[in-house]
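Asks: Handing you a structure now.
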Amino acid sequence: MTKVTKEMTPRRLPGRGRSPTNAAPPARVLRVAILLSYCSILCNYKAIEMPSHQTYGGSWKFLTFIDLVIQAVFFGICVLTDLSSLLTRGSGNQEQERQLKKLISLRDWMLAVLAFPVGVFVVAVFWIIYAYDREMIYPKLLDNFIPGWLNHGMHTTVLPFILIEMRTSHHKYPSRSSGLTAICTFSVGYILWVCWVHHVTGMWVYPFLEHIGPGARIIFFGFTTILMNFLYLLGEVLNNYIWDTQKSMEEEKEKPKLE
C-alpha cells in the first residue's frame, strides 16, 4: 500500500516551484548582459558625429534608434522586475506584491506591443531592403561612421535577444483588440513623424522614399502598418505555442509511471 501511494504521488519537476512569469537565474543574468549590451550600443551610436544627427529630429527620426531605446527600456524593466521579485520573495508584503504585479504587467505589455513587433520589423525590413539595394536604406557612406559590429548590434542581434527572452519567460499578452490598437497607434504615429520631418526639412528620413512616387509611398506606409499588426499576431501565436508546448511536456512528465 505504501509503495502504491508513493508511485501515485506526482513528482515535482526541477524548477516546478518557479512561476512561469519569473525567469530562472541564468535567464536573469542574461537579461543583465543584454541590457548592458544595449546601453553600450546606444552610447557608441550617440557618440558618432554623423551629419544626419545634427539635422531636425536628430537620432529620433530613425526607427532603428527608437527601437534600440525600446529594447533598452524593455530589458531594463525585465531586470527591475527580477530584482523586485527577489526582494519581495517570502516577505508577505501585499503592497510590494501588488507593485510587482504591475511591473510584470508593464513588462509583458512592452514585449507584446513594442519590443517584439518593432524589433522584428526593424531587422526584417532593414535586411530585405539592404539585400535588394543597400543604398536605399544604408548607403555605403555610413561605413565610414558606423563600424560593422555596431550595425549588427542595431539591426541583427535584436531578433535573437527578443526570441531568447520570449523563450525563457512566459509573457501574458493583452487583449487582441487593445494590443492591435496600440501597435497601430505606434505605426501611424511614426509615419506621421516621418512625414513631418519631410515637411520641415524637405528630405525623407530614408533614401528610398525619395525614389518612389506619392502613391507608392502611401502603399508602402499602409503595408508597414499591416506588417506591424501581423508581427504583433505572430508574437502572440509564438508565445502561446512555446508555453503551451512546454506545459504539455511538463504534464506528460508528471503522469505517474505504472509498473
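Start at 1 and count along the chain as shown; that gives each residue its number.
Each Cβ is built from the backbone N, Cα and C atoms, and glycine gets one as well.
The compositional bias 'Basic and acidic residues' annotation in TrEMBL covers 1-10. Taken from TrEMBL, the feature region 'Disordered' applies to 1-22. Residues or ranges marked as transmembrane segment in TrEMBL: 29-48, 68-88, 109-129, 149-166, 178-199, 219-243.
Tell me what's around each of these sites.
Replies: For the transmembrane segment (29-48), the list of distant contacts is 23, 59, 65, 68-69, 71-72, 75-76, 78-79, 82, 145-146, 150, 153-154, 157, 161, 164-165, 168: same-chain residues at least six beyond its ends, Cβ to Cβ under 8 Å.
Same-chain neighbours of the transmembrane segment (68-88): 22-23, 28, 31-32, 34-35, 38-39, 41-42, 45, 96-97, 99-100, 103-104, 106-107, 110-111, 114-115, 118-119, 154, 158, 161-162, 165, 169, counting only residues six or more beyond its ends whose CB sits under 8 Å from a CB of the stretch.
Long-range neighbours of the transmembrane segment (109-129) within the same chain, counting only residues 6 or more positions beyond its ends whose Cβ lies under 8 Å from a Cβ of the stretch, are 63-64, 66-67, 70-71, 73-74, 77, 136-138, 155-156, 158-159, 161-162, 165-166, 171, 173-174, 179, 182-183, 186, 208, 224, 227-228, 231-232, 234-236, 239.
Only residues 6 or more beyond the boundaries of the transmembrane segment (219-243), in the same chain, are considered here, and those with a CB under 8 A from a CB of the stretch are 20, 111-113, 116-118, 120-121, 125, 166-167, 170-171, 173, 176, 179-180, 183-184, 186-188, 191, 209, 212.
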